[in-house]
Amino acid sequence: MTSRCWRWWGRSAWPWTRPLSAGSTPSFRHQFSTQEKTPQICVVGSGPAGFYTAQHLLKVTLCSQLRVLNAPAIWEGEEWGPSFSLRPTSCHPVPQQHPQAHVDIYEKQPVPFGLVRFGVAPDHPEVKNVINTFTQTAHSGRCAFWGNVEVGRDVTVPELREAYHAVVLSYGAEDHRALEIPGEELPGVCSARAFVGWYNGLPENQELKPDLSCDTAVILGQGNVALDVARILLTPPEHLEKTDITKAALGVLRQSQVKTVWLVGRRGPLQVAFTIKELREMIQLPGTRPILDPVDFLGLQDRLKEVPRPRKRLTELLLRTAMEKPGPEEAARWASASRAWGLRFFRSPQQVLPSPDGRGAAGVRLAVTRLEVTATAGSANSLPGGMECLCVCAHGYRLWPPPFLLLLSPLSGLYCSGWVKRGPTGVIATTMTDSFLTGQTLLQDLKAGLLPSGPRPGSAAIQALLSSRGVQPVSFSDWEKLDAEEVARGQSTGKPREKLVDPQEMLRLLGH
């Protein structure tokens, strides 16, 4: 995959590498008149971070509402950044929205919603209900969606900063983190980002051809994304037929020969990154049984009183599954299961082992680790996969620029929210709160007169640039036409929708 981040964030694009010429902009300290001016705000990215930021800028939001939307288990012990944590008890009402502010949301895909559309698992439709809220925001007369516009290729960040009073970067993670181990390039090795994008219809991942003719898959990582991948690999295909998984992915999964999935983590049971909901789904997954070694959980019971309640509940579920004898019904279900999944702790990948003919992956060589000291490669073992195996790397995403660089900007009018701000961690509720805080900061800066003064052309200037460059943006009303087409295509097979995966087909349907 071509990484547009490197083009986007080259040195010439960064505003602090080039001082503003004298007189190029009026004083940033000049008080902004809310009665006479319309603040023009640009958001880059239409995923949860982008839409939640826009939502906060356009309407009143009280922190008491967040308390309803976020269960205490999500909040308690949640890390919100490098230097602080947020608790529900510290919430206060936030300022009202600016009554004239206009927000433009730019998105490189022709379709909106980012992670909700391309990252949330197809068997989690309830999580995607947040799209209804985003649609309400997009329907606001003071909000516009501009899809099919790639920042860095079609328009630059400096051009956006010239056209808007404020620019909010909310574009998420553009790539996966490389393992940087021998064999990573072998066929049969792919990133979780690409695999998730493949079954969720992300256009850039539709060329992925995962070979599921093997009997074992190794997933490097123990977070929610890793469990999503494992669950999709092991779920009976008939259970996915009524979801919005792509037709092509469902066809490949129907032919899958994968019977066992191992999820490998560098740390122990107390440090797993998945949540109790995803773990419970795996334990109850039809036709599968868990493989948990009781030895891995010895002594954990005594340490539970030291951990926060959400982690305690999660570890207790792991302990019960690993150490206790299952009930009659569960024992019968596990005995008849044709597929299995397991967790391997304190293991770090050292090498992807090639198959005898060198044309694929046959296993993963692992080093034994400890929390205090990483073991050397000499104390190693392997997870074999027979003649071939599938290796999915679910150990994280790569952001560019690194989040800390964004904090170094001395110029006003540039903000970030979501993963760009805090790194690729947390759930959608985390992103909501984070984005609301960004929106609140922007509004406070606006009220204090810290943003560029004077009128800005906003989308009028950007649309003229795009037109001169032959770029045809997709509006939200255009998206709703594509949405109706997807829903219509899915009706014949009982699916909520059949996703369009080819951007060129989308543009043809719109007459672009």
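Glycine is no exception: its Cβ is also placed from the backbone N, Cα and C atoms.
Taken straight from TrEMBL:
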BINDING   Ala49, Glu107, Leu115, Val151, Trp419, Gly426, Val427, Ile428  FAD binding site
BINDING   Gln222, Gly223, Asn224, Val225, Arg266, Arg267, Glu278, Gly426  NADP(+) binding site
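Shown on the structure are the features that TrEMBL records.
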residue	record	contacts (Cβ under 8 Å, 6+ apart)
Ala49	FAD binding site	Gly114, Ser170, Gly172, Ser417, Gly418, Trp419, Val420, Lys421, Thr431, Asp434, Ser435
Glu107	FAD binding site	Gly45, Ser46, Gly50, Gly114, Phe145, Trp146, Gly147, Asn148, Val149
Gln222	NADP(+) binding site	Leu263, Val264, Gly265, Val272, Ala273, Phe274, Leu343
Asn224	NADP(+) binding site	Ala273, Phe274, Thr275, Glu278, Val427
Arg266	NADP(+) binding site	Phe346, Arg347, Ser348, Thr369
Arg267	NADP(+) binding site	Phe345, Phe346, Thr369, Leu371
Ile428	FAD binding site	Pro48, Leu115, Val116, Val127, Val130
Residues Ala49, Glu107, Leu115, Val151, Trp419, Gly426, Val427, Ile428 binding FAD per the record - widest CA separation, whole Å: 25
CB contacts for Val151 (FAD binding site) [other CB atoms within 10 A, all chains]: 23
Rounded inter-Cα distance in Å - Gly426 (FAD binding site), Gly223 (NADP(+) binding site): 10
C-beta crowding around Trp419 (FAD binding site), within 10 angstroms: 26
Around the Cβ of Glu278 (NADP(+) binding site), the count of other Cβ atoms that are within 10 Å: 21
Among Gln222, Gly223, Asn224, Val225, Arg266, Arg267, Glu278, Gly426, the record's NADP(+) binders - longest CA distance, Å: 19
Candidate with the highest Cβ count within 10 Å, taken from the binding-site residues Leu115, Val225, Val427: Val225
Cα-to-Cα gap, Val151 (FAD binding site) vs Val225 (NADP(+) binding site), nearest whole Å: 27
Cβ neighbour count within 10 Å of Gly223 (NADP(+) binding site): 21
Count of other CB atoms lying within 10 Å of the CB belonging to Gly426 (FAD binding site): 18
